Amino acid sequence: MTKAQDRILVQEHLAHQAEPKPLSASEKADLEARIKVALKEKDAVLVAHYYTDPDIQRLAEETGGCVADSLEMARFGNQHPASTVVVAGVRFMGETAKILNPEKKVLMPTLEATCSLDVGCPADEFSEFCDQHPDRTVVVYANTSAAVKARADWVVTSSCAQAIVEHLDAKGEKILWAPDKHLGGYVQKTTGADVLLWDGSCIVHEEFKYRGLEDLKALYPDAAILVHPESPDAVVQMADVVGSTSQLIHAVQTLPNEEFIVATDNGIFYKMQQLAPNKTLIEAPTAGNGATCRSCAHCPWMAMNGLENLLHVLEHGDQEVHVDDELREDALRPLRRMLDFTANMNLKAAGNA
C-alpha cells in the first residue's frame, strides 16, 4: 500500500464515522449515574486510554477501573476479577483485552473506533511483506489488528519497544518492524539495530511540525518539549523528553519546568493536569486545516467513545469484541512474550532500586 493509498483509505474510513454529540451538564450527570449502576449490575470494569474524553477517564477512575497506556490497559484487564471488561479506546485495544481474557466478555462503546496504523497495515499485505524477509524477527506495535499480531514474533508498545529491540539486537537478530515508521525509526536510531520498516504512521502525531514547534519554543523558551515517538524525526529531535504516554506524564510530574509543550494527543492533558495541577501545558502545533485529522492533536477515533454509547453497550451488550480461537492463540504468543519480558524487566528494575 502506497502512502497516498494509505491516506485515502484513512480519510474514507473517517468520513463514515460520527463523534458523540455534545451533552449538557445535567445530561452528563444522568448518564454517569446510570453507567455507574450498570457497571455494578454487569460485574464490569471500565478501562480507558489516556486519549479518551476526560469524562470517560474520570468515570473509569471513580468506578475502580483504570486510565492507562495500552500496555497497562492490557495488564489491568488481565488481572482484574470482573467478568466483563469495557474498553474505552480503539479496536485493537479491545481485541488485545479479548486475546488475553478469552473467558471474559469484552465490550467497547463502539467497534468502529479504529486507528490509522491498524487501517494502514492490512494483514494480507503485511503477511506477504513478512514472507519476503524470512530471516527477520517480526516485531509489531500494539496498534495493529489481531491478524497482524498473529503473524508477529513480538508485540511491543511505545513504553517497551526500545528495551525489546535492544534485547533482540543483542542476540544478533535483524528486525522487521510494523506499522509506525516514525516510532520504528526512533527505535532503530536509539538502539543501532538492523530494522526494516513498514511505511505506516499515526494521523495525529504525523501532523506535528518542526517549524511551528520551533516558533512556539521561541515564545516559551523555558518550556520543556515532550514528544511521543510516533512523531516525525525532526519533531523528535527538538524534544527534551521522548516517551510513551505514561513516560510523558511522569516527565510533567518530575521535571522542574513550569511550562511544557506537549506533542501528543491532547486527551493526555486531563491526566497531566490532574497529577501536576500547577504546571502549564501547551499544545504543540500541527498542520492546521490541512491535517487529515478532524480535530488536530486529538484522535478522531478516540473521540468516538462517549457517555451515551458507553451506557448503551452496558445495557445492550451489542458491541462485543470477538476473536477467532485459532487467531487468538496465534496472537497470544507474541503478546505473552511482551508481557513476560516487561514483567521481568520491572522485577530487575525493582531489584536495582
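The backbone N, Cα and C atoms fix where each Cβ goes, glycine too.
Summarising the annotation, Swiss-Prot assigns iminosuccinate binding site to His49, Ser70, Tyr141, Ala142, Asn143, Ser158, His228, Pro229, Glu230, Thr245. What Swiss-Prot lists as [4Fe-4S] cluster binding site is Cys115, Cys202, Cys299, and the listing cites sequence analysis.
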Neighbours of Cys115, Cys202, Cys299 excl. site residues, C-beta within 8 Å of centre, [4Fe-4S] cluster: Val90, Ser116, Leu117, Asn143, Ile203, Val204, His205, Asp265, Trp301, Met302
Minimum Cα separation from Cys202 ([4Fe-4S] cluster binding site), reported as the residue among binding-site residues Tyr141, Asn143, His228, Glu230 that achieves it: Glu230
Cβ atoms near Glu230 (iminosuccinate binding site) (within 10 Å, other residues, all chains): 28
For Glu230 (iminosuccinate binding site): DSSP state (helix, strand, coil): coil
For His228 (iminosuccinate binding site), the number of other Cβ atoms found within 10 Å of its own Cβ: 28
